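So the structure is just underneath, and the comments pick up after that.
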Amino acid sequence: MDAEDGFDPTLLKKKKKKKTTFDLDAALGLEDDTKKEDPQDEASAEGGAAAEEDNLDLESFGKKKKKKKKPFNMDEIEAAIPSFGGDDVAASEEPEEEEINLDMDFSMAKKKKKSKKKELDELFADQADDDKSEDKENDEDNSSTWFGSDRDYTYDELLKRVFEIILDKNPDMAAGRKPKFVMRPPQVLRVGTKKTSFANFMDIAKTLHRLPKHLLDFLLAELGTSGSMDGNQQLIIKGRFQPKQIENVLRRYIKEYVTCHTCRSPETILQKDTRLFFLQCESCGSRCSVASIKSGFQAVTGKRAAIRAKTT
């Protein structure tokens, strides 16, 4: 068979090398390719096997087996390996880089947590400092509103400033309560048929913090009569008067000579300068002059006869 056909095993090797490719699909599908070979190749392979059996050479038999396994040649596989080996190496290196990146990320995350804690502490500290600075600025604004400003203030601003000072000096007014001046009602008694006794005159004068003489002059001038103090410190007034009349006179006296004309505070002092009286307020500090006491109309009854006699 070998002599007739003239097949050489070396030629078979060359033919197989020509048919083999570097493609893995071809390497994996060698079994299918061997099935699709020509019948002449199968016949030559059978002839070669017969010749090998005749020679009974173990070494050549072993070589023939290697020749059959030649499609799985290591040279071809090594030639194909580098194209895939580089990818495999790159693929193997990428997870290492990812692991390194992950480690770096974890470390950075830990640092960020620490930095967040520090940032929170710094934020709280900054907020506390800001609150303190704002409180100080508010205190400075309240204490020195006019400091460091040259502009002209509006009427509303000035009015607001005045009311703020009044509220600072009078905390009772901050709650919407005006200071009320409480005074005892006058005790008026009838003395005979033509005189009236003002029993608690001295007590009212002490309550108003005024001199009894000044109050007496105003009372007699407003009532248009005369009167004097007796031994029991009671005011005896000529004429018949009702308690309501005495109370109205006292109200006018308090409004004019006791309460402040600015803040209506009863905490005032009546001072005399030369011929004028000045009302000094201890609450708001205002100072204003008051009218002098003038005697009103007085009826002349006892002297009319003498006057008429002189004229006639």
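The backbone N, Cα and C atoms fix where each Cβ goes, and this holds for glycine too.
Remember, it's a predicted structure, so these values are computed and weren't measured experimentally.
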Phosphoserine per Swiss-Prot (candidates: SER44, SER60, SER228): SER44
Which candidate, of THR21, THR145, THR268, Swiss-Prot gives the annotation phosphothreonine: THR145
Annotated residue, phosphoserine, per Swiss-Prot; candidates SER115, SER133: SER133
